[in-house]
Amino acid sequence: MNSKNSIILDNLADVSDIIDYEQNSIDYQRSIKNIEQLKSTEATEITNKLAINKAKKSSNILLEVPKETIYLDHNGSIQVITSEIIRTYVEKIFEKMEVTHLDIDKMTKNIFPKLKSINTIKDIDNQIISTASEMVTDHYDYPKIAVWILMTNLHDNTSDDFLETAEKLYNNKSESNKNAPIISENIYNFIKKHIKEINRVIRYDRDYNLTIFGFRTLEKSYLKRINKKIVERPQHLFMRVAITLHYRKNDLDRIFETYKYLSKGYFTHATPTLFNAGTTHEQLSSCFLLGIGDSLEEISECWKECALISKHAGGIGIHMTNIRVEGAYIASTQGEAGGLRVLTIFNDISRYANQGGKRPGSFAIFIEPWHGDIFFFLDLKKNTGAETERARDLFLGLMINDIFMERVYKDDVWSLMCPSQCPNLLNKYGDEFTKEYLKYESEGIYLKQIRAIDLWFKIMESQIETGVPYVMFKDAINDKSNQINIGVVNGSNLCCEIVEVSDKNNFSVCNLSSICLPRFVKIIDEVPTFNYQKLFKISRILTRNLNNIIDINFYPLDKTRITNLRDRPIGIGVQGLADVFAMFKTPFDSEIARDLNRKIFETIYYGALTESNKLAREFGTYQTYQGSPISQGKFQFDLWNFDKSQLSGMWDWELLRQEILNHGVRNSLVTTCMPTASTSQIMGWNECIEPYTENIYSRSTMAGEYFVINKHLIKDLIELGVWNSEMVDLIKYYKGSVANIPNIPDNIKAIYRTVWEIPQKSIIEMAADRAPFVDQTQSMNLYIDKPSFARLNSCLFYAWRKGLKTGMYYLRSKPASSANQFGIDIDKIKEIESKNGIKKQEDTFDLTDLTNTINQQVSGMVCRFVPAHLRKPGECLSCDG
């Protein structure tokens, strides 16, 4: 019997002397059947009588069953459970967790009424887990009770010997009883050789530091299973990753260093690395950037290549500007090209070739706005229209040239062209592109001329309706690229944070990891400090880890292997930036936050280059190093119009510059800002560089739907003495916002503004502040609660003028919702509105109304699409920023 379940059964024995009936007893069999089915009141009555009578006969004790009693069928026994037993069980959990500030009696009271239809101890656990998760509205530590139960269950059903777990994974059999090892022979042998050292280092108690959603995320997709049963603990996963990265050099010190900081939550590697480390197919890379040829043979080859990459959990970006337009002449067959209609097949492939059965396949397609099929492209994800002309599972992106933005601004003409007629436009950017574009225009080699502003409106219309296309500024990307000596960057990846050179023969790759920034905040005597030295150290560890992945990775294609070994790019990002600002009790766009933002990314960039320089001394530079900006002593911030007086002074950049000039670097690119959607759930922090979307929201797991509340906000409101159920209802009523709640001080409201309440100008400026230290780019979303052409245009132009490489990842608009979607019933809503004098809120956003105003907005408008004499100061980020 496992240790946790014995807690309950020991207490059962204390409450009553219930003895099992003989298995052949007709009454017993009937009662068990009824208990299992729990279909009628008779079940309770029969069980009650059986339990009482048997107890009386066996012990000669007049047993009075408490009023709050339920009946549990466990291993063929009839058991009596009371609220006191539940309380004792919860109390023991509190003792083991050393929790003293939570209310045992209140939790017991909330649990017991739910136990009317249970038949196993697991059901009791599930109700306690559910109750603990719901009680996050009382205190953010209640869900830790749920984690304790879940993790104890996992530990009871898995081995605390890492070798035993490894043996199970290595000796796995298929359904046909053939050998089907989950981990590789080399990994297994290494574990077997060093198991004593490993078992001394591994710390299973750290499993309990996960949040409930972190555990649920690992449980669903990451922890290894045999016959659908989990056999791996989180610490096994972290050790498996650490061993994979360093075992080939027999480097136990680096293995244990990586394990230590990974298991303590200082960083995490990307999802494919967590999925596949140590397995028979170690595909550890996150991003693949592809080019494509224009012939049918090359296109069909690309279909196969995409399927193979997606099969092994890689996200894909494909630049397809070179695909000739629909109706273009094909000399070999005297036929006509299908143009970008080929994307409907890519859409089907993405649906079929999912990522190892764990995540849907994901493809992003990039073209430039001069392509003749641009309007067809922009309609691909729309909800209306013929299904044969839609590809709603693809993600769409634009590589926008500066000349297009200039023509939109001037309300000038724009020429659409076919790449087969204008081949000199391909692989060009900046002045060279403009020169060729103007030449083709002057010669009349274009398909059609339109107002640039008409296309711009069409782009924004698609973004407002579907959230895409992404906006990448091609000239900014290439002007500031450390790979410019290799070639021109023509596309990006699935999430718009990777910008690497690729073509139909050379597919680029990137390996990612993210640093959990809140782990570097220490609060001493209520004064927060940020440990930049530790951040520097972690950046160096990750640089070496990611560099190792390049060498050990399983590559689905030679095109990916050759390019990655040649250019060796990596991507170190972050998560939990908003958590850091909350811990510092400073608003997201304050000067303190901006200073932290700059220093954090300067430190990561400095640490990454320092370690890459050390790696170059050990193994040599990457093959295409010579001729790169970094080989000439130019850092990323040297490629920007950057005021070096804004450097923190913490790091000796000139010394590092000289070391790099002397010895080079091992990696062509090192820093990025990826979304961290899944890994942020695991580590328990806010996503990436994003502000909080809401301070309270619901999240679905396999165990049900629970509320998540910003724990920093709860802590601050507890300190103010205003955290109570009424406050929770008000935050739910306002859909996660605290802006309109009267008894919250203004300084707290400023700290906990949601992304809908923070000016997008601030989001863009924060991105621009860190950009000189990000040599790839950033997954920067725009958040506009009720999108309009004017507001969206203003943001996009401001991002362009700030020199950002990514102008927009997704456009996020606020979904129409009501308070009852946040767990408040209609009567409660009416009560809140009446008590607080709130007028009924209306959420109205009609895309049709927006679209119908397009002709009115175009006339006489340039930047914000509002005539200058009607525009208020500060309305337009682009003009006034």
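Just so you know, glycine gets a Cβ as well, placed from its N, Cα and C.
Summarising the annotation, Swiss-Prot assigns domain 'ATP-cone' to 69-160. Summarised by DSSP class, the composition of the domain 'ATP-cone' (69-160) is 57 helix, 12 strand, 23 coil.
Residues near ASN493 (substrate binding site) in space but far in sequence (CB under 8 A, at least 6 apart, same chain), listed by position: CYS287, PHE288, LEU289, GLY315, ILE316, GLY317, ALA364, CYS510. The substrate binding site annotation in Swiss-Prot covers THR271, SER286, CYS287, GLY315, ASN493, LEU494, CYS495, CYS496, GLU497, PRO675, THR676, ALA677, SER678, THR679, and the record cites similarity to another entry as its basis.
In the three-state DSSP reading, CYS287 (substrate binding site) counts as strand. Under the heading site 'Important for hydrogen atom transfer', Swiss-Prot lists CYS287 (among others), citing similarity to another entry as support.
Under the three-state DSSP scheme, CYS510 (disulfide bond) falls in the strand class. Residues annotated as disulfide bond in Swiss-Prot: CYS287-CYS510.
Under the heading site 'Allosteric effector binding', Swiss-Prot lists ASP294 (among others), citing similarity to another entry as support. Applying an 8 A CB threshold to same-chain residues 6+ apart, the list for ASP294 (site 'Allosteric effector binding') reads ASN322, ILE323, ARG324, PRO419, SER420.
The feature site 'Allosteric effector binding' is assigned by Swiss-Prot to ARG324 (among others), with similarity to another entry given as support. ARG324 (site 'Allosteric effector binding') is surrounded by 21 other CB atoms, counting those within 10 A of its CB over all protein chains shown.
The feature active site, proton acceptor is assigned by Swiss-Prot to ASN493 (among others), with similarity to another entry given as support.
Taken from Swiss-Prot, the feature active site, cysteine radical intermediate applies to CYS495. When Cβ atoms from all protein chains are considered, those within 10 Å of CYS495 (substrate binding site) total 28, not counting its own. Reduced to three states, the DSSP call for CYS495 (substrate binding site) is coil.
Of all Cβ atoms in the shown protein chains, 28 besides its own fall within 10 Å of the Cβ of GLU497 (substrate binding site). Look at Swiss-Prot and you will find GLU497 (among others) tagged as active site, proton acceptor, backed by similarity to another entry.
Residues or ranges marked as site 'Important for hydrogen atom transfer' in Swiss-Prot: CYS510 (among others).
Long-range C-beta contacts of TYR809 (site 'Important for electron transfer'), restricted to its own chain and to partners at least six residues apart, with a cutoff below 8 Å, comprise TYR470, CYS495, CYS496, GLU497, PRO675, SER779, MET780, ASN781. Residues annotated as site 'Important for electron transfer' in Swiss-Prot, with similarity to another entry given as evidence: TYR809 (among others).
Positions annotated as site 'Important for electron transfer' by Swiss-Prot: TYR810 (among others). For TYR810 (site 'Important for electron transfer'), the count of additional Cβ atoms within 10 Å of its Cβ stands at 20 [all protein chains shown].
Feature annotation from Swiss-Prot assigns site 'Interacts with thioredoxin/glutaredoxin' to CYS876 (among others).
As annotated by Swiss-Prot, site 'Interacts with thioredoxin/glutaredoxin' applies to CYS879 (among others), with the evidence given as similarity to another entry.
Across the structure, TYR810 (site 'Important for electron transfer') and THR271 (substrate binding site) place their CA atoms 21 angstrom apart.
Summarising the substrate site geometry, the residues cited as binding it (THR271, SER286, CYS287, GLY315, ASN493, LEU494, CYS495, CYS496, GLU497, PRO675, THR676, ALA677, SER678, THR679) extend over a maximum Cα to Cα distance of 18 Å.
THR271 (substrate binding site): 24 other CB atoms within 10 A of its CB, across all protein chains. According to DSSP, THR271 (substrate binding site) sits within a helical segment.
Counting only same-chain residues six or more apart in sequence, the Cβ atoms lying under 8 angstroms from the Cβ of THR676 (substrate binding site) belong to SER514, GLY573, VAL574, GLN575, GLU687, CYS688. Its Cβ placed at the centre, SER678 (substrate binding site) has 18 other Cβ atoms within 10 Å.
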